[in-house]
2 protein chains.
Amino acid sequence: MSVTAAQGFTAAGIAAGIKDSGAPDLALVVNQGPRLAAAGVFTANRVKAAPVLWSRQVLRGGRVAAVVLNSGGANACTGPEGFQDTHATAEKAAGVLGVSAGEVAVASTGLIGVRLPMDRVLAGIEKAAAELSPHSGEKAAIAIKTTDTVHKTAVAKGEGWTVGGMAKGAGMLAPGLATMLVVLTTDADVDAAGLEGALRAATRTTFDRVDSDGCMSTNDTVLLLASGASGVVPDEAGFAEAVRVVCDDLARQLIGDAEGASKDIRIEVVNAASEDDAVEVGRSIARNNLLKCAIHGEDPNWGRVLSAIGTTSAAFDPDRLNVAINDVWVCRNGSVGDDRDLVDMRDRLVRITADLAEGDASAVIWANDLTADYVHENSAYSS
Amino acid sequence: MSVTAAQGFTAAGIAAGIKDSGAPDLALVVNQGPRLAAAGVFTANRVKAAPVLWSRQVLRGGRVAAVVLNSGGANACTGPEGFQDTHATAEKAAGVLGVSAGEVAVASTGLIGVRLPMDRVLAGIEKAAAELSPHSGEKAAIAIKTTDTVHKTAVAKGEGWTVGGMAKGAGMLAPGLATMLVVLTTDADVDAAGLEGALRAATRTTFDRVDSDGCMSTNDTVLLLASGASGVVPDEAGFAEAVRVVCDDLARQLIGDAEGASKDIRIEVVNAASEDDAVEVGRSIARNNLLKCAIHGEDPNWGRVLSAIGTTSAAFDPDRLNVAINDVWVCRNGSVGDDRDLVDMRDRLVRITADLAEGDASAVIWANDLTADYVHENSAYSS
């Protein structure tokens with residue numbers, strides 16, 4: 001049900017001809033109100049795509065009437081002309097939908113450094129607007145795919161209200177958000193400040209802790225739109241948890257469909273002196289290419305975990321570190337632990353536990369293995 | 001001529017049986033004086049192998065009579081027993097050579113988390129001592145290879161004195177030194193402080209700026225030994241330059257032989273506000289897996305260069321960034337520049353220039369591409 005699971009939203013997903021393949025590449029999500037509250041979280045990359053610069057500005061107003069999303073081109077590193085393209089996209093949607101351009105968010109994904117074919121984008125917006133429906137959430141989710149092999153949607157229900165969402169992202173997945181576009185919608189009656197709090201809390205422990213390949217995108221966008229159509233004001237904690245559940249579900253789907261990956265790696269850092277330490281150590285492990293190759297080879301190479309921990313500034317004593325792979329404590333007190341032959345790594349899911357033996361903070365980071373398929377896919381992406 | 005190019009040094013390289021393959025795996029380098037001055041630089045990884053902990057202690061005295069090096073096992077993450085193994089190695093060499101154990105440095109390389117077969121190591125030291133010769137520098141360089149396909153040596157000559165050296169390292173090559181063992185020797189008459197200054201200055205702009213795969217080793221060791229056998233006191237700048245030249249030569253050889261690599265990538269960051277900024281940006285580019293894949297595919301994907309720059313804290317304006325690949329300025333002012341089809345990437349060497357347009361500082365970082373062969377080699381390494 002995707003972005004149309006909540007009442008008060010329509011969507012469309014169509015082929016505008018942005019992609020040479022003719023696959024769907026333009027999506028529209030429209031909030032029919034009565035509320036138009038919205039919050040957004042964007043990439044931490046200092047090189048930001050034109051749609052990110054635009055939408056960040058839109059979100060400052062806390063109101064979003066519609067979101068235009070396209071795959072087939074990131075509109076990043078395209079200069080002032082690229083920003084004009086985003087502006088024209090928002091103006092076009094505003095005109096067709098009868099809303100203000102300042103309430104139209106735009107999100108793009110695809111190759112960096114290439115202008116969008118604006119004639120096709122603008123014609124596509126007209127076509128999409130004509131197909132808007134409360135039943136087209138799946139179509140919208142399909143239209144934002146790039147190298148994704150499947151489209152990603154999730155839904156959580158509260159008492160009388162719903163949170164739904166869609167996501168795309170398969171590569172350039174790293175802290176500070178992934179190369180991902182995410183639109184979440186709810187019919188709960190929540191104002192922009194309430195959405196902002198719930199969204200920031202949710203992304204901090206979900207999308208921000210997905211690190212598929214260590215590469216941070218120029219285009220990451222996560223939007224949460226509320227229509228208030230249910231007429232129900234949810235309790236704050238319950239709403240925040242529903243948003244977190246949907247984000248976590250989508251984040252896991254991103255990892256599960258990452259480019260070329262054969263393993264999903266769940267890295268849990270425990271007994272850290274602080275959550276910051278736990279996250280730093282988890283990310284260092286997540287980004288270690290040698291370890292990622294070892295996991296691909298189903299090799300419980302805990303030495304590479306220790307060498308990754310050793311590059312961090314977290315509090316730990318090298319002689320008190322413990323590491324488990326799939327619950328076998330192959331490293332104890334910084335040295336050889338239980339028999340590594342006991343580790344069964346045949347499943348797609350591989351769990352690494354790093355015990356820093358310093359405090360009681362913890363964090364979970366999700367990563368993928370490094371494979372020849374990843375290399376192949378990304379050495380051929382733009383050609 | 002390797003470590004025996006300078007007068008006053010003998011070396012040996014033998015097969016001690018540490019490697020199952022029966023390949024050479026133990027090297028000995030002996031300083032015959034009259035001077036025994038030495039300096040060392042070790043890994044910045046906080047998880048340090050036993051031989052690093054030992055040798056760092058030895059180097060505090062500024063005197064090294066001999067170095068024992070082995071491949072076939074890193075003796076890292078092996079606990080107090082592993083440290084005892086290193087201690088026993090130094091004691092054995094000291095006894096055989098008639099020197100103090102406190103003047104014997106030890107360096108190991110290979111798999112982390114495995115104890116060394118000490119009976120073979122100790123017997124190997126006796127065998128190596130019996131074969132010491134001023135003509136066996138090449139044999140020593142061969143005995144320290146792991147996944148290296150070739151052994152690495154370099155020599156620079158001053159007026160009446162020589163600096164020679166050997167290195168090994170093919171993976172886990174990253175800032176703060178690589179998985180590499182390096183021994184440099186000179187017959188120049190330089191004291192420990194003079195060696196320390198020359199070595200630190202040289203490694204800072206050579207080995208420290210090699211980033212093949214972003215992974216920092218637990219065992220990196222670079223030693224510089226002076227025999228004084230030439231009787232010549234070199235001028236300080238000339239000596240420092242000779243040490244830098246040998247380090248640079250060996251560092252380039254490491255990149256040229258990195259595991260699975262098909263490209264050597266020279267990343268020059270220019271017009272940075274500071275050298276620190278230039279190095280930070282260079283390292284971020286060097287570690288971007290998506291870019292490394294693109295280079296492998298001979299795809300001048302400058303968008304991935306910009307997205308890597310955007311993750312740093314360096315001073316820059318996204319709209320003033322310029323990027324050249326093999327001298328073609330494919331990105332100008334943060335946007336599309338010259339035709340990317342003009343870029344010829346068929347050579348092994350690929351040159352990326354990132355112009356931050358902020359100041360006049362610069363730095364060069366060397367990296368490799370990311371290939372299916374790298375994945376294969378490192379998913380199978382310990383099995």
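Glycine too: its Cβ is placed from the backbone N, Cα and C atoms.
Copied from TrEMBL, the annotated features are:
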type: ACT_SITE; residues: B:THR179; note: active site, nucleophile
type: BINDING; residues: B:THR146, B:LYS168, B:THR179, B:GLU259, B:ASN378, B:SER383; note: substrate binding site
Original post:
Per DSSP, B:LYS168 (substrate binding site) is which: helix, strand or coil?
Top reply: strand
Original post:
Near chain A by Cβ (under 8 Å): which of the binding-site residues B:THR146, B:LYS168, B:GLU259, B:ASN378?
Top reply: B:ASN378
Subject >> Per DSSP, three-state class assigned to B:GLU259 (substrate binding site) >> reply: coil
**OP:** Ten-angstrom check, please: count other Cβ atoms within 10 Å of the Cβ of B:LYS168 (substrate binding site), all chains counted.
**Re:** 29
Original post:
CB neighbours of B:GLU259 (substrate binding site) within 10 A?
Top reply: 27
**OP:** Can you tell which of B:THR146, B:ASN378 has the least company, meaning the fewest other C-beta atoms within 10 angstroms of its C-beta, among these binding-site residues?
**Re:** B:THR146
